[in-house]
Ligand SMILES: Nc1ncnc2c1ncn2[C@@H]1O[C@H](COP(=O)(O)O)[C@@H](OP(=O)(O)O)[C@H]1O
Ligand SMILES: [Mg+2]
């Protein structure tokens, strides 16, 4: 970090109120890091409906039933479990608080970028401030709110200030690791379009919790192809915990609503999401997959894991992601989004139909692509994907 950047961040590396702007500074105050009155628990419990009990044969049930290390006082764990039935309730509440704060910072910076036309001058410093500031806020809130056990954060930004040096963690198959993308969809962020603050928790190599703050996503559903709003409330916070389903609420704090993927079983009625950036996903291949499947609607191209959120609440039926050869997917680009979709009843796999494996460190061990849809469409989607890839490879071998 250079000195100019350090000066723009206040003490402790927290973004200076002047940088946030008066409204953002006021809203930061409205969401205090510590409760103003002494509650019986050190954090407010979220209003979760009791978790559904996964069937005993499911991997979620086996996972939930495994012996787990003791974290926090036994009394606290008991109170938490009785109150919500969600063993990760405290972590979920902290994660929501963290990304909501980070989203407010990002919103203020994005407005500055869009209004000042900074992007055309190739001045990257506001993006850097939002990226680093978002990570600092999330890191500090998690540390303050979930203090038991060692703190491990796998994040996109590594080694900025000591406050976020935790982002260096390598992740892996054991222990607990927070996984953070402080601004996912940076290109969309700079353009004034969609982006997300994505935070997940890995426990023994599995994603057990995910939250996605999508400040520019309409709260109810996407009403036009680039994901922007044509009126109505904007700013959605998706969340999911393993075995407990997925929810959406407004970033301003409306009560959470359960969400589920669409139930479309005929591809003719389906639409599909993909990256806005053709450099991130091969639009020619996704077009060919859609054609083989019989999808008639044009692709809905939006940036970031907002796609996973939109899919999870049924705004569209399919998400296709096929990076160009040699690209290695990062765990922070998919951890939060994938659990939001699977807990909403969807399926997320690689192009061969295998579950994504988040236990291998900072990267996902795959190089073919990622697909997501509902259970009804997945078999025919997989076939279309494999046929399209085969055709593309054959065409390439003839060149
Ligand atoms: N060549 C590439 N192929 C695939 N993904 C890429 C890429 N270059 C960057 N990305 C990833 O794509 C993410 C954005 O995904 P999407 O296309 O869905 O908006 C980026 O996240 P960041 O913006 O956090 O860096 C980045 O991690
Ligand atoms: Mg990203």
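Heads up, the Cβ atoms here are built off N, Cα and C, so glycines get one too.
Quick look at what TrEMBL lists:
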- 49-69: region 'Disordered' (REGION)
- 52-66: compositional bias 'Low complexity' (COMPBIAS)
- 156, 181, 183, 184, 333: Mg(2+) binding site (BINDING)
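On the structure: features taken from TrEMBL.
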residue : record              : Cβ contacts under 8 Å, 6 or more apart
181     : Mg(2+) binding site : 155, 156, 196, 197, 198, 199, 305, 330, 332, 333, 336
183     : Mg(2+) binding site : 106, 127, 130, 131, 134, 189, 195, 196, 197
184     : Mg(2+) binding site : 195, 196, 197, 198, 304, 305, 332, 333
Output field, Mg(2+) shell: CB within 8 Å of site CB centroid, site 156, 181, 183, 184, 333 dropped: 180, 182, 185, 186, 196, 198, 304, 305, 330, 332
